[in-house]
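Trainee: In case it helps, Swiss-Prot gives these features for our protein:
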BINDING   ASP21, PHE22, ASN23, ARG36, HIS59, LEU60, GLY61, ARG62, ARG119, ARG160  substrate binding site
BINDING   LYS212, GLU330, GLY357, GLY358, ASP359, SER360  ATP binding site
Amino acid sequence: MAKLTVEDLDLAGKKVLMRVDFNVPIKDGVVGDDNRIVAALPTIKYVLDHQGKAILFSHLGRIKKEDDKPGLSMRPVAERLSNLLNMPVTFVPVTEGPQLEDAIAKMEDGQVLVVQNTRYEDVKDGEYVKRESGNDPELGKYWASLGDLFINDAFGTAHRKHASNVGIASNMPGKAAAGFLMEKEIKFLGDAVTNPVRPFVAILGGAKVSDKIGVINNLLDKADKVIVGGGMTYTFYAAKGIKIGNSLVEEDKIDVAKEILEKAGDKLVLPVDNVVADKFANDANTKVVEGDIDDGWMALDIGPKSIEEFKKVLADAKTVVWNGPMGVFEMSNFAKGTLEVGQFLGTLEGATTIVGGGDSTAAAKQLGISDKLTHISTGGGASLAYLEGDVLPGIAAISDK
């Protein structure tokens, strides 16, 4: 999929509209984790270095009523961006109208402007009208009219069809490009799904089979092995007739799990032992069991034999995609499976290793292996949608080369 990228554009003197993902946590008017802002800096700096005018659009949180607006202003984000760039950043507290148009008209080459939260457009005169998140055609057209070029660097919203990504891009044919972050996501996730170096192994964790059915099915067609861990394991156990005690199970997904098991044959690798606990708490009594789990006990992590089995499968892999934890990662006594698998990924030589999803990303950070992995995806839902083989509207709307 050859899409226009920022390097294909002549930026000098141009008003460059940029969709970034600055949806960051804000407490008492201060940005908490600024990772997403930092991730967009290479593209922003490239535009400034090439004498473009960078006009940044992002959503922040969800806005369903007027009262939501004051706490979700982009002002603190603009202030943090100013610190990171070490230069002034203009913040415009509105999403449309003369105040915004005048501020853009006054910009000089190499300057940055941050537009107010795009989701302010979701509430008008007290009504929840979803102009931004419903991709109102007039809004996309209006925003597109404010610039000469468009760069989408917000992979995290690529699976959504909003006025600020699809709306703007579809009104700027031939002038909508991917930023560096978006380009990297398309390259690594895209190659993994469509053209992986083999053996290709996927590691899927997390609590619910229902969240991952599409991903499992798509990756069973593409991968050489699919390792399953985390809470969704026990719905597969139930489908195989293994007793699961009080472990998490989705009763209404047991039939789906059976179908997946039939389709998968020996491609699907399940844990062979589990760490079980007598209550859902870090200080629970625990033991390691193989096979059936007794009533009154629940599996909260994969066991030591499973960890070794998974490592054997991963040892020869040339492409690995990891999405989701192997156990209840947020409790230290049930984090071992996730941490050991992550640690092992960091040691693989000559393999492309891709991590997506909040918990897996957090595990990689905790282990200090982020720099040993090839790519850490910035999009949770967007990464999953990509791995499911979905067409992502935000990417589809970017101009082809």
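Keep in mind that glycine also has a Cβ here, set from the backbone N, Cα and C atoms.
Show me how these features fit into the structure around them.
Mentor: Within 10 Å of the C-beta of ARG119 (substrate binding site) there are 25 other C-beta atoms, taking all protein chains into account.
Taking a C-beta cut-off of under 8 angstroms and a sequence separation of 6 or more, GLY357 (ATP binding site) has the following same-chain neighbours: GLY206, TRP322, ASN323, GLY324, SER377, GLY380, SER383, LEU384.
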Trainee: Rank the binding-site residues ASN23, SER360 by how many other Cβ atoms lie within 10 Å of each Cβ and give me the one with the fewest.
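Mentor: Per-residue Cβ counts within 10 Å for the binding-site residues ASN23, SER360 bottom out at ASN23.
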Trainee: List, in sequence order, the same-chain residues at least six positions removed whose CB sits under 8 Å from that of HIS59 (substrate binding site)?
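Mentor: Once residues fewer than 6 apart are set aside, HIS59 (substrate binding site) is near ASN23, ASN117, THR118, ARG119, GLU132, SER133, THR157, HIS162, SER164.
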Trainee: What are the sequence-distant neighbours of LYS212 (ATP binding site), meaning same chain, six or more residues apart, C-beta distance under 8 angstroms?
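Mentor: LEU204, GLY206, MET232, ASN323, GLY324, LEU384 - these are the non-local Cβ neighbours of LYS212 (ATP binding site), listed in sequence order.
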Trainee: Taking Cα atoms as reference points, which of the binding-site residues GLU330, ASP359, SER360 is nearest to GLY61 (substrate binding site)?
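Mentor: The answer is ASP359.
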Trainee: Say we define neighbours as other CB atoms within 10 Å of the CB. Which of the binding-site residues GLU330, ASP359 has the fewest?
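Mentor: Among the binding-site residues GLU330, ASP359, the sparsest Cβ neighbourhood within 10 Å belongs to GLU330.
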